[in-house]
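Features of the protein shown, as given by TrEMBL:
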BINDING   Asn39, Leu41, Gly66, Glu88, Asp114, Asn144  S-adenosyl-L-methionine binding site
DOMAIN    46-237  domain 'Ribosomal RNA adenine methylase transferase N-terminal'
Amino acid sequence: LCLMAAPGKVAAFRLPPLPTIGEIIRLFRLKALKQLSQNFLLDLRLTDKIVKQAGELKNAHVCEVGPGPGGITRSILSAGVEQLLLIEKDVRFIPGLQMLSEAAPGKVHIVHGDILTYKMEKAFPKHLKKSWEDEPPNIHIIGNLPFSVSTPLIIKWLENVSKRDGPFVYGRTQMTLTFQKEVGERLTANPGSKQRSRLSIMAQHLCTVENCFVIPGQAFVPKPEVDVAVVHFTPLVQPKIQQPFELVEKVVQSVFQFRRKYCFRGIETLFPENGRLKRTEQLMMTANVDPTLRPFQLSMSQFRNLCNAYRKMCDEDPSLFVFSYREELRQKKITRNLLESTGQPEQTEEENQL
């Protein structure tokens, strides 16, 4: 399966002649399922371009998420990887992937499973582990993700980065993934951008995030209604906010609860009604954040200050961290319904927004 090489030169790996991706789709009667938000990428020039964004893959260990009919899989194998782990939830794609596995003996391992529950900490050989401060290990995660999975999956992996578990027990494992163009813009949005969101802060405080290029929707089959962004992640040696993932997520989510209002309005939701105004003022003053800034205007250092100040308040009063604004609203509504005997009372503005 290797082409003859000139004396003294290492032979490059080449896949033998195989059916095209289109032929594989016809051969196994594969059809993209709308309920799984599946879209096939058939153009091997584009799959090569995605794989190139991952960096040098020669002799690397790669995990491809949701390979589907195997377009990106072929490009990964052609890059000369040592081992390729394929995790595919949809059993219909397994026979086509097995053809690729047979064409690259000993290189491909296929897992029929869900990436959201698969134990990535055991996916690669132990000898590949590097310390967090070292260069990233020779391990890469690549995937053309279904839109329905992409956001919950990247949040899960960002939590893994924060805790250095899952695929990051091996060190600062790099990821090259596809998202809806709008999600890609959120992941990389700077302060002041209207796309700045919870996702921007959660990703950028833990990783270097690069929006590599955009693939037009018409390149996919079936054509999605949106274009697709290819995004590359490299975990940072030191997170920009050195607090537990759950605390950072709670503060950032609260700030963006009311994204069109002043940021203090979201900060208020961190505190119970009794003493809410006083504690909000205390937090804003300690963090030195202007309460009249909009959430998308806040810099990473301002979010860091807010998280550090909130952590200090939680250390002084542990009941603060378990407080839930939504639960408080729910209890108030139940109480109001019990007190009101004449029909359903109108929802408050906060209930409507949430």
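Cβ coordinates come from backbone N, Cα and C, glycine included.
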Q.
For Glu88, Asp114, listed as binding-site residues, tell me which one has the smallest number of other Cβ atoms within 10 Å.
A. Asp114
Q | The one of Asn39, Asn144 whose CB sees the fewest other CB atoms within 10 Å, among these binding-site residues | A | Asn39
Q | Cβ neighbours within the same chain of Gly66 (S-adenosyl-L-methionine binding site) - under 8 Å, at least six residues apart | A | Ile87, Glu88, Lys89, Ile115, Gly143, Asn144, Leu145, Pro146, Val149
